[in-house]
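For reference, the structure is listed below as structure tokens.
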Amino acid sequence: MKSTFGLLALAAAAKMAHAHATVQAIWINGVDQGAGNSASGYIRSPPNNSPLVDVTSADMTCNVNGKNPVAKTLPVKAGDKITFEWHHTDRSPSDDIIASSHRGPIMVYMAPTAKGAAGNGWVKIAEEGYSNGKWAVDNLIANRGKHSIVVPDVPAGDYLFRPEIIALHEGNRLGGAQFYMECVQVKVTSNGANALPAGVSIPGAYKATDPGVHFDIYNSFSSYPMPGPAVWNGASAAGSAPAPTAAPTQKPVVTAAPTTLATLVKPTTTTAAAPAETDSCDGDDDDYETETPAPQASATQAPAPQRPAPQTPSGSVKEWYQCGGINYTGAKNCESGLVCKEWNPYYHQCIKA
């Protein structure tokens with residue numbers, strides 16, 4: 001009997017350790033900026049990958065240690081495509097990103113650095129929830145941990161991007177939803193005219209009783225109420241896409257995943273029905289057994305020119321690569337069986353028809 005209990009405990013611990021995720025790198029216009037999840041990087045990273053479950057916690061702003069600046073700030077311009085890269089442990093091809101049971105929405109907020117770090121001025125600039133039987137997290141896993149936004153046409157200055165996952169596998173009980181977030185340090189070098197609105201406070205934007213936080217993914221439903229404020233209508237006013245800049249002085253770290261991917265890509269087959277088994281060990285924050293991400297090499301700061309999308313001998317664009325968008329000058333005809341899907345005005349992508 002003791003042996004049986006021991007095996008069950010080990011299985012639960014292993015399952016629990018494979019549940020969680022952090023943002024470990026970003027890409028700018030398809031160029032890998034290298035690992036940023038360290039004190040010498042550009043992401044204000046927590047000490048481990050544990051989620052937050054108390055929506056009133058001060059750590060909801062930028063996660064644990066999120067008030068502490070890190071060494072680097074990445075230069076970006078209006079119209080740049082920013083891709084966030086999430087992982088469970090590290091950036092290796094074998095990493096499982098986040099447990100597939102952790103279905104839920106993904107959102108991105110933006111705030112001026114000083115104001116945002118104090119928990120104020122957060123403006124939602126992107127969100128993805130539930131559509132056609134798939135959750136944003138399903139698409140994130142299929143896309144090897146990547147989802148993208150476009151930099152709005154805001155005034156020049158220092159800003160924080162705050163990508164966030166809400167895992168709802170225990171959202172059927174009050175206080176069970178799990179929140180994962182980090183803050184990425186950027187400096188907008190273009191000088192746009194669309195100043196951010198007043199925004200919301202985080203903590204403060206969510207309540208444990210919000211329909212999109214206290215939500216049962218295992219019962220029948222046809223839609224999902226996104227939590228928090230609406231997406232800012234100025235988020236789509238991103239100005240002109242940037243011209244290529246000089247290559248980085250250091251060779252960027254390149255992963256096996258494609259370099260130009262948006263959030264809604266390469267879907268996996270999922271349903272709203274309950275899975276055969278769910279995590280039984282995800283509860284209060286202090287109870288998690290987690291793994292601290294392995295140290296990564298320091299990041300580069302200057303983006304390089306975007307590589308053209310791979311093409312067939314006929315000149316058509318392969319699946320998952322860019323086929324259009326504002327200021328895009330490459331091939332626009334997708335391979336047979338694919339269509340050019342517009343995700344936003346700056347990024348169109350070849351996907352299966």
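Placed from the backbone N, Cα and C atoms, the Cβ positions cover glycine too.
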Swiss-Prot Cu(2+) site partner of H20, H102, selected from Y159, Y180, Y206: Y180
Per Swiss-Prot, the candidate from N48, N327 carrying the annotation N-linked glycosylation site: N327
Among C62, C281, cysteine joined to C183 by disulfide in Swiss-Prot: C62
Three-class DSSP secondary structure - H102 (Cu(2+) binding site): coil
Helix, strand and coil totals (DSSP H, G, I; E, B; other) for the domain 'CBM1' (315-351): 0 helix, 17 strand, 20 coil
